[in-house]
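Here is the structure we will look at, set down as structure tokens.
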Amino acid sequence: MEKYHGLEKIGEGTYGVVYKAQNNYGETFALKKIRLEKEDEGIPSTAIREISILKELKHSNIVKLYDVIHTKKRLILVFEHLDQDLKKLLDVCDGGLESVTAKSFLLQLLSGIAYCHEHRVLHRDLKPQNLLINREGELKIADFGLARAFGIPVRKYTHEVVTLWYRAPDILMGSKKYSTPIDIWSVGCIFAEMVNGRPLFPGVSETDQLMRIFRILGTPNSANWPSVTELPKYDPDFIVYEPLPWETFLKGLDDTGIDLLSKMLRLDPNQRITAKEALQHAYFKESS
């Protein structure tokens, strides 16, 4: 820690306190002091292993992990620092982002996700708060892989991995299969929020979250999602909703944008588009 000074607390993240600090050359960093669930046990070796993988991730749309400082009792991750996040930006942009900005952010988000998925690293907790933005309009994804390294704190169940509003229906119904589609669902929710200026599914509980999804996208059944009936929390007595036309709840998104979003927000995870496929979509070929 001697290398860093001028510590200024800038927030409390999912995993602990975040500080802004400078090194001896005047460069600014974000220091994430990881909160350990069991203080007396020290840092789990699995966490160290996962973090060492994150140091290898090098992509312009992923927040760079520069350094890992670990003593017996604590772990500090040293990341590059960015001043703004997407949530703060959306809070001040009434009615959503301009279409050219939303498209640029989505393209960068998918580029970072595709890179990590190719390296077999999932995010599992994507939300506007951990998409950081700099003054040049560059977007970088923060907290990649931390869900796997440390688990999502305070929750006792491994399937509770994504902040409620961005959580995929398969996870909400108890699926333990963590794979790349859970991140794609979150990306779709973020895309819709950038366009609309408000969350698409702002649920207050897991059940409410599912019902909000079904009210818009329709209630799944074995015809449109063959394995849905096998999920632990599937209920044959779910209220049956018909899907709404996309135009009714998405303002200002053209047909190709709606087509891309509809491929991300498929109820059945096996039918969701991959990040790599999404990058080739016609939505990115047209000029806004």
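Along the chain as shown, the residues are counted starting at 1.
Just so you know, glycine gets a Cβ as well, placed from its N, Cα and C.
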From K32, K55, the one annotated by Swiss-Prot with I10, G11, E12, G13, T14, Y15, G16, V17, V18 for ATP: K32
Pairwise Cα distance for V18 (ATP binding site)/D125 (active site, proton acceptor) [Å, integer]: 17
Rounded Cα-Cα span from D125 (active site, proton acceptor) to Y15 (phosphotyrosine), Å: 12
Environment of I10, G11, E12, G13, T14, Y15, G16, V17, V18, K32, the listed ATP site - residues of the same chain whose CB lies within 8 A of the CB centroid: K33
E12 (ATP binding site) and D125 (active site, proton acceptor), distance between Cα atoms, whole Å: 15
